[in-house]
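Q: Below, the features straight out of TrEMBL:
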| type | residues | note |
| --- | --- | --- |
| TRANSMEM | 21-39 | transmembrane segment |
| TRANSMEM | 59-78 | transmembrane segment |
| TRANSMEM | 99-119 | transmembrane segment |
| TRANSMEM | 125-149 | transmembrane segment |
| TRANSMEM | 156-178 | transmembrane segment |
| TRANSMEM | 184-201 | transmembrane segment |
| TRANSMEM | 213-242 | transmembrane segment |
| TRANSMEM | 262-280 | transmembrane segment |
| TRANSMEM | 292-312 | transmembrane segment |
| TRANSMEM | 332-354 | transmembrane segment |
| TRANSMEM | 366-386 | transmembrane segment |
Amino acid sequence: MIHQRLVNFALLFHQAVHKGLLLFSSTVLAIVIANSQFYDLYHHFIEQNLEISLGQNSFSLSVHAWVNEFLMAIFFLVAGMEIKREMIDGHLKSRSQRILPIVAACFGVIFPVLIYIALNYQDDIAMQAWAIPAATDIAFALGVFAVFGRRLPLTLRVFLTALAIIDDLIAVIIIALFYSGTLYLNYFLPIALCLLILYLLNKSKISALGPYLIVGLFMWYFFLKSGIHCTISGVILGIFIPLKLSENNFPLKRLKKILAPYVEYMVLPLFAFSNSGICFKSINFDSLLHPVVIGITCGLVIGKTIGISFALHILKALKIINLPENVEMRHYYYVSILCGIGFTMSLFIGLIAFEHNAIYLELAKIGIILGSLISTFFAIILMKIFK
């Protein structure tokens, strides 16, 4: 059992390297194109409408919207399944295993948010994006750790994985509660019907994935029309997929195995490419000193580190936790700095918050990329110097 877990972690971090590099490459490519003669072509591509027709009915979204609304719902579906698996049969299945990453993740959200609010409370538009520095990018963070933290204890990798999963869950809750638009109540009944059908499928121990996915597709559409961000439908669907029905029947594992490669090597790179195109022509030194940029950067770099470290010190002082063998407090500092890499989820929140304000969205992108790069740099330096 222990050997199998070690093998699983080895595979996880091997994949994380490639995922992190692919995300980074997609981001760099978008920035290069956005600052070249191909900017108009890039902008035309992401704004191009794609239409789906079913008989006399048609449904149209831009490439940008398809990526952010539909493909990211698939990302959230995989995230929802991962959260369920960890809570039932993973690193978060017992109270003792949950308490450290849960408390650390909560403080790692609160402190960055407080820093951002302190710097932007006088700007009503900026305050719409208060949650941006609260998120951690699990692919980037695990990728950096996999490359530069190989000699660090396995316990830290478990902690980082659990912390990032809890962080994702908090981000999902924040999006659901605070980043929904005008609510259209007439869509709530079909959403409730979809939830009931998913519940009955789960309780009936239906192992076929088709019925879940068909209901999930309808639920995504109803969420899209309801005003609640439609990516939440992905998380909900993931939670209803059965984990285990018999000794050799694992529907959740089966679906995750099918979807994960598409999410890792298509959805997230496309998301990064279609949303990271910052044009530096509009950026000057004053832009870097804007409270939105400083708030996000400081929230990610300083807020995450202080918040997670503070939580660890409190839990240790109260003797709620004991440090594992061969693990020192400084090791957890490295992880807390890594959690300042907030690319994917931070960018996603920024896109929702500043959907109708291009200037503030550009500032948010600068802060996210700057904060993530600084966190990466400091984490690498510390992990290489203090092995």
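Note that Cβ sites are derived from N, Cα and C of the backbone, with glycine treated the same way.
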Q: Quickly jot the same-chain residues contacting the transmembrane segment (99-119) by Cβ under 8 Å, restricted to those at least six beyond its ends, or write none.
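A: Those are 91-92, 127, 129-134, 136, 159, 162-163, 165-167, 170, 291, 294-296, 298-300, 302-304, 306-308, 310-312, 314-315, 320-321, 336, 339, in sequence order.
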Q: Grab the same-chain neighbours of the transmembrane segment (366-386) for me: Cβ-Cβ under 8 Å, and only residues 6 or more beyond its ends, written as numbers and ranges.
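A: Those are 27, 132-133, 137, 140, 144-145, 148-149, 152, 276, 278, 283, 287-288, 292-301, 304, 330, 333-334, 337-343, 346-347, 350, in sequence order.
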Q: Using a Cβ distance cut-off of under 8 Å, indicate which of 21-39, 59-78, 292-312 has the most pairs with the transmembrane segment (332-354).
A: 292-312
Q: What stretch in 21-39, 125-149, 156-178, 213-242 has the biggest tally of Cβ pairs under 8 Å against the transmembrane segment (292-312)?
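A: Of the candidates 21-39, 125-149, 156-178, 213-242, 125-149 scores highest.
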